[in-house]
Amino acid sequence: MASDPVADKSGFLCMYMSNHPDTLVSYVRYWGKVKEAVSTAKLTSIDTKGMNLTYQTKGSTATKEIRVQFDPPLAGYDEVKPRLIAMKAEAEEELGMVKAPQITSFKFHPQMVVTAVAVSFLVYTTYASSLKHAPYNPYFAPGNIILSFFPSWMLRFSWGLLAVFHGFESLYVAYLCRKHSTGLVVGFQYWLAALILGFPAIISIRQQVQEARIASILKGQ
């Protein structure tokens, strides 16, 4: 018996869709015909005939399951993306989900701490290298010990890499801020966070957008 080409890659698809909770909520509400106020949803498995999702409703921690059938069934793995995109577009239009909600506040994301520590360490080792002969050298001795294990160009390379990645990420965040009408103050906060901390700023603003899109469905009930 031939294996299901979509089910074989179900784990990857579920992991990918976990980054799009707003889309999963729209699948549950529209294609799953769930009338309750769905607050979160998760794709648990998918095959050529349909997909299984779990969801929670607003104000409840109980998890419910639902299966959405594909009509017609998928002919193969190559049909997954176009079918899901088409289903997403129809569901969002019918549910009245806001495409580009306004973001009015800056929200801290836990991953910002990790990046902040990494950037701080880079700054520390940079000062350690330039101040190793200063009177307060003992404070930078650990940094110089660490640097001794790496080639001399590593610091310049690290700063160059940070400048390139964070530079592009800050430009993308500026685009997102304009798209979602954050205003000057909030926009500057996100742009500065992206310039210093990089990708976690993008995660934060995307998370806010997804939450706002889900909220727009709940308001429309």
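For all residues, glycine too, the Cβ spot is worked out from N, Cα and C.
Going by TrEMBL, these are the annotated features:
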{"type": "DOMAIN", "residues": "12-87", "note": "domain 'DUF2470'"}
{"type": "TRANSMEM", "residues": "112-130", "note": "transmembrane segment"}
{"type": "TRANSMEM", "residues": "157-177", "note": "transmembrane segment"}
{"type": "TRANSMEM", "residues": "184-203", "note": "transmembrane segment"}
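Here the transmembrane segment (184-203) has long-range neighbours at 103-106, 109, 111-112, 114-116, 119, 162, 165-167, 169-170, 172-174, 176-178, meaning same-chain residues at least 6 beyond its ends whose C-beta is under 8 angstroms from one of its own. Secondary structure of the domain 'DUF2470' (12-87) per DSSP, as helix, strand and coil residue counts: 28 helix, 23 strand, 25 coil.
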